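Worksheet: the structure to be examined is printed underneath.
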Amino acid sequence: MNEKQRLESNQVNPADKKSEKDYSKYFQTVYMPPSLKDAKKRGKEEVSYHNDFAIDEQFHGMGQGRKFYIRTYGCQMNEHDTEVMAGIFLGLGYEPTDSVEDAHVILLNTCAIRENAENKVFGELGHLKALKRERPELLIGVCGCMSQEESVVNKILQKHQHVDMIFGTHNIHRLPHILNEAYLAKEMVIEVWSKEGDVIENLPRARKGSVKAWVNIMYGCDKFCTYCIVPYTRGKERSRRPEDIIQEVRHLAAQGYKEITLLGQNVNAYGKDFEDITYGLGDLMDEIRKIDVARIRFTTSHPRDFDDRLIEVLAKGGNLVDHIHLPVQSGSSDILKIMARKYSREHYLELVRKIKEAIPTASLTTDIIVGFPNETDEQFEETMSLYREVEFDSAYTFIYSPREGTPAAKMQDNVPMEVKKERLQRLNALVNEISAKKLKEYEGKVVEVLVEGESKNNPEVLAGYTEKSKLVNFKAPKSVIGQLVKVKVTKAKTWTLNGEMVEETAEVK
Ligand code: 5AD
Ligand code: SF4
């Protein structure tokens with residue numbers, strides 16, 4: 001019996017003896033907890049594609065007179081999933097709300113990448129306890145990456161009994177069934193498939209905004225970097241078929257979207273799972289650049305699979321932006337090896353050289369982890385020197401956070417937290433220094449800005465991003481929101497630019 005069949009018959013996973021012993025007696029309805037052991041497996045079975053998603057007739061009108069609220073934590077993939085869940089809620093007749101007080105269903109779409117991301121969610125669950133006490137008919141759900149972790153599900157069962165449902169990243173399309181169960185059941189409904197080989201095509205979407213859109217090109221990750229929980233929470237790599245992606249981008253272009261970001265945990269592995277065609281990210285970008293959308297981006301890249309074909313296509317420019325986010329994680333080949341990144345410092349620098357040679361205007365940003373187990377001062381200095389050498393435009397920097405179930409979490413670590421914090425501070429000072437220096441070069445120049453809306457801090461000012469993802473604040477009439485405009489940069493700050501909108505002038509990237 002496979003996982004789905006077990007679910008259909010509402011049986012507890014017999015392989016999951018510990019959970020069965022601990023909790024199964026409490027569950028008469030759906031109880032399917034996650035298993036990290038199953039999530040680790042990568043079978044040879046083919047990816048199955050489904051085009052038949054539909055909301056079952058029995059659930060039509062379920063949301064009549066009810067409102068939903070989704071809080072999203074973490075990366076763009078979660079934002080994307082939230083848009084799908086919002087689409088399903090609308091299909092069920094629910095209305096959206098911005099306030100938890102008004103909501104009849106609250107979902108926390110969670111992130112498991114670091115411990116502090118998880119702590120925020122547990123904090124929020126604590127706050128929601130009082131609301132549930134006041135309104136017992138309120139449904140509270142936990143979904144996203146944290147729900148794929150056994151330890152999290154056990155903690156919720158022990159300490160947060162006011163949660164009504166937990167469902168996994170592979171179960172989003174099952175939302176109508178899960179809600180239905182939660183309305184009927186007295187117990188917590190748990191439906192977390194640990195392993196998934198499906199791609200479901202026609203899920204509804206309630207997109208946030210009408211200027212920028214995300215388009216998922218693949219799901220999952222098979223890289224298994226030793227520190228990372230994502231391959232366990234998001235399953236194996238599955239690519240969407242090119243024709244489905246191209247059709248979606250065309251449709252968005254026709255709707256007037258100006259910027260599309262192609263999404264995947266490791267987009268450079270796109271197409272590697274196709275058995276009938278040889279087709280990679282470079283090929284896909286070469287097709288998509290012909291569609292009439294002002295800007296096309298992609299994220300996130302893995303240096304190992306970033307191939308010459310992709311560089312050759314990106315060099316064609318046009319609507320393919322010249323900003324590449326290329327996580328390096330460490331500048332030390334020894335640390336990279338223990339991280340199982342499968343490239344060395346030299347390989348990374350060579351890739352950067354090739355990119356800069358083919359696309360001289362290219363700007364690069366990165367992700368860096370400091371304080372990986374047993375990282376020495378010298379190894380950290382290698383990260384600092386690599387950062388200086390590449391001159392990244394900016395970086396997301398993190399202190400290593402052990403994730404239960406990953407190989408790195410089992411490693412002895414002799415680096416004290418104080419040292420890790422110091423390293424992070426030094427790295428951040430360097431990141432700020434180079435970012436400020438690079439932004440300074442923009443003063444007096446004209447940039448093209450895609451106007452997103454009012455600035456967060458000042459509604460009198462508009463804000464938008466350049467092709468290289470620089471945030472620009474400037475005064476202009478609200479009528480330009482959603483458009484590409486030319487802005488003369490008047491002042492550079494550490495992270496952002498101030499400017500004034502100008503008439504048509506020579507374009508500067
Ligand atoms: N600890 C700290 N940072 C992590 N990242 C992924 N896993 C961990 C972890 N266990 C960082 C990586 C990745 C980014 C999305 O999050 O830098 O690129
Ligand atoms: Fe995590 Fe590595 Fe996969 Fe990125 S490539 S999601 S860091 S395992």
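If you go along the chain as it appears here, the first residue is 1 and each next one adds 1.
Positions of Cβ are set from backbone N, Cα and C atoms, glycine also.
As recorded in TrEMBL:
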type	residues	note
REGION	1-21	region 'Disordered'
DOMAIN	66-184	domain 'MTTase N-terminal'
BINDING	Cys75, Cys111, Cys145	[4Fe-4S] cluster 1 binding site
DOMAIN	207-437	domain 'Radical SAM core'
BINDING	Cys221, Cys225, Cys228	[4Fe-4S] cluster 2 binding site
DOMAIN	440-503	domain 'TRAM'
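Everything TrEMBL records as a feature, shown here on the structure.
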{"residue": "Cys75", "record": "[4Fe-4S] cluster 1 binding site", "DSSP class": "coil"}
{"residue": "Cys111", "record": "[4Fe-4S] cluster 1 binding site", "DSSP class": "coil"}
{"residue": "Cys145", "record": "[4Fe-4S] cluster 1 binding site", "DSSP class": "helix"}
{"residue": "Cys221", "record": "[4Fe-4S] cluster 2 binding site", "DSSP class": "coil"}
{"residue": "Cys228", "record": "[4Fe-4S] cluster 2 binding site", "DSSP class": "coil"}
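Those same-chain residues not listed among Cys75, Cys111, Cys145 yet with C-beta within 8 angstroms of the centroid of the [4Fe-4S] cluster 1 site C-beta atoms are Tyr73, Gly74, Met77, Asn78, Thr110, Ala112, Ile113, Ala117, Gly144, Val230, Thr233. Secondary structure of the domain 'TRAM' (440-503), assigned with DSSP and counted as helix (H, G, I), strand (E, B) and coil, comes to 4 helix, 33 strand, 27 coil. Taking Cβ-Cβ distances under 8 Å and a sequence separation of 6 or more, the neighbours of Cys228 ([4Fe-4S] cluster 2 binding site) in its chain are Ile113, Cys221, Arg403, Thr406.
Among the binding-site residues Cys111, Cys145, Cys221, Cys225, Cys228, the residues whose Cβ lies under 6 Å from any atom of ligand 1 are, in sequence order, Cys228. Here the Cβ of Cys225 ([4Fe-4S] cluster 2 binding site) has 22 other Cβ atoms within 10 Å, regardless of which shown protein chain they belong to. Annotated [4Fe-4S] cluster 2 site Cys221, Cys225, Cys228; additional same-chain residues within 8 Å of its Cβ mean position, judged by their own Cβ, are Lys223, Phe224, Tyr227, Ile229, Val230, Pro231, Gln265, Asn266. The binding-site residues near ligand 2, defined by a Cβ under 6 Å from one of its atoms, are Cys225, Cys228, chosen from Cys111, Cys225, Cys228. Here the binding-site residues are Cys75, Cys111, Cys145, Cys221, and the one with the most other Cβ atoms within 10 Å of its Cβ is Cys145. When the domain 'MTTase N-terminal' (66-184) is classified with DSSP, helix, strand and coil residues number 63 helix, 23 strand, 33 coil.
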